[in-house]
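These notes are about the structure you will find just below.
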Amino acid sequence: KMAAVAGGAAAALWSEVNRCGQNGDFARALKSVNKILQISKDDVTALQCKVVCLIQNGNFKEALGVINTHTKVLTNDIIAFEKAYCEYRLNRIESALKTIQSASQQTDKLKELYGQVLYRLERYDDCLAAYRDLIRNSQDEYEEERKTNLSAVVAAQSTWEKVMPEDLGLREATYELCYNSACALIGQGKLNEAMKKLQKAEELCRQSLSEDSDVTEEDVEAELAIIHGQMAYIMQLQGRTEDALQLYNQIIKLKPTDVGLLAVIANNIITINKDQNVFDSKKKVKLTNAEGVEHKLSKKQLQAIEFNKALLAMYTNQADQCRKLSASLQSQSPEHLLPVLIQAAQLCREKQHAKAVGLLQDFADQHPANAAEIKLTMAQLKIAQGSVTKACMILRSIEELQHKPGMVSALVTMYSHEEDIDSAIEVFTQAIQWYQQFQASQTKGANPKSPVHLSLIREAANFKLKHGRKKEAISDLEELWKQNRKDVHTLAQLISAYSLVDPEKAKVLSKHLPSSDTMSLKVDVDALENSHGATYVRKKAGKLTGDNQQKEQGQGDVKKKKKKKKGKLPKNYDPKVTPDPERWLPMRERSYYRGRKKGKKKDQVGKGTQGSTTAGSSELDASRTASSPPTSPRPGSAAAVSATSNVIPPRHQKPAGAPATKKKQQQKKKKGAKGGW
């Protein structure tokens, strides 16, 4: 009887579970399932239903706990999909992959989940193959979603792996497909085409959402946020930073729920700010630290954000934070260049250039594959320190770049700056030899010169000629003339060089110069002189006839009869007296000049500073007169002495015997004196 009652109760509960499941009321269905499990705790169907109800309610951790607790009953063959899905949603991607691969039977559901897991693991080639298989072998209402996922894989390959995407022949009928196609074009660098695709995606998105009457304008803008974010990214790549920044800020004001989108936009704003507006950058960097960001972005996106955090710490003078972040990045990617470059930059800001160079040298020794870029940075630091010769040595140690025209040009310029012409010529020689050996290995028999090779030879020859090394330039010039016998300029240079070494050879070569007739330029002199840019225009000599001819002749006669006007003579000119032959010379340069006569009065006037003595000071000294007291007066009697004495003070006393020069002296004083007594 008890068993019958229990069976009837269980049947009623199962009926309730079925009804709630069909209505989507999984919370109520879970209560019924739990009651069933109280009756039969190891009921496999009830346990499966409980796991499904928990998944539908978003309780992935609890669902996985139920699976792991009942492993004997819920074997991997029975519950593989649910277990893998819970692990996937809990971001345990590696565990989900193992669960899928350990399943004995690969159902369609597992294959769909397998494609998602591969995408999250960034195994794009395997993911592409999985979705192609699904599309080929599936026919249901989810075909459009599978095509969207397939296009997303192609876009990721183009963006992160720089793989040229193949044309999948997908009809871009939805805004998701248009968006993914635009992302693939961005990866190829086709920015204008990508912008057109995004504009089409925006139009399709608005059309799609307008069909739903419950969707508001805010909902539409929120859905368009990711499309607008990609548009702003294209603007930033095109150099339209102001437009990009405005669009980025508009998206942030919408406060989208996608933390990945917010993190990417905040990072891009930080890259626009660079070392400016660091306060805004410090606010934006908080958006990149939101919970769950690491599960929304690719590894390269996360790495770029961490790099920018380290650079921002350097720009804000947070040296310890910068070192900590860059060291963490280097431990994650030991072969990556940026962490060590950031550390070196921080050391340079701290004026530790030698330590920075040492750090870069250690990295170059440990990672020879990346040594070229590191050595270029080391050379730049040496130049900044003024060690140009050491910088040249570092650059010449980069074997894979020694023959490049840019490297040759840089080295020659630097050696010329240091006036080391021999080393500069050696750089040319090594580069030319490299091209000779390379072309010899590529061709058999004939050895034609490439344009780059010939250009190097010509530059070497011109450099040697410029620095007076004509003898050394002969071999280069001969090689150039051998390649082009019609090159008159090279032939002239060769003759000039041989003229110092072998005049006979120069004479023989000069026979190859074109004749003067062939070298003459057919120039219309009249047209040239009458051109707009001519500074002098010759008047055309036309024929004169009749009255005009007589008029011109008459004017000529007038011009001939016109006499030169006589110059004016001085008023006191005497024709009987011979003019002074030195009258054209300045007075001081004439032989009879004896200088200006000095008057007796001038010798008697003091010319020094106020209070200084002169030759006539004894005559002007009032203390030597008969009426002055023999000793200096007491301080208290100075005024009395000045009042009762008949002696004139020195500054008012005029020199004896000089009344005739008084007026002249007064005029001179008025003209020149500024301070006065």
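Including glycine, each Cβ sits where the backbone N, Cα and C put it.
Curation plays no part in TrEMBL annotations; they are all automatic predictions.
Keep in mind that this is a model prediction, so the values were computed, not measured.
Annotated features, as they stand in TrEMBL:
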type	residues	note
COILED	93-148	coiled coil
COMPBIAS	559-569	compositional bias 'Basic residues'
COMPBIAS	571-592	compositional bias 'Basic and acidic residues'
COMPBIAS	623-640	compositional bias 'Low complexity'
COMPBIAS	661-677	compositional bias 'Basic residues'
DOMAIN	539-595	domain 'Signal recognition particle SRP72 subunit RNA-binding'
REGION	538-677	region 'Disordered'
REPEAT	225-258	repeat 'TPR'
(request) Would you mind splitting the compositional bias 'Basic and acidic residues' (571-592) into helix, strand and coil residue counts from DSSP? (result) 3 helix, 0 strand, 19 coil
(message) DSSP on the repeat 'TPR' (225-258): how many residues come out helix, how many strand, how many coil?
(response) 26 helix, 0 strand, 8 coil
(message) If I take every residue in the domain 'Signal recognition particle SRP72 subunit RNA-binding' (539-595) and average their pLDDT values, what number comes out?
(response) 68
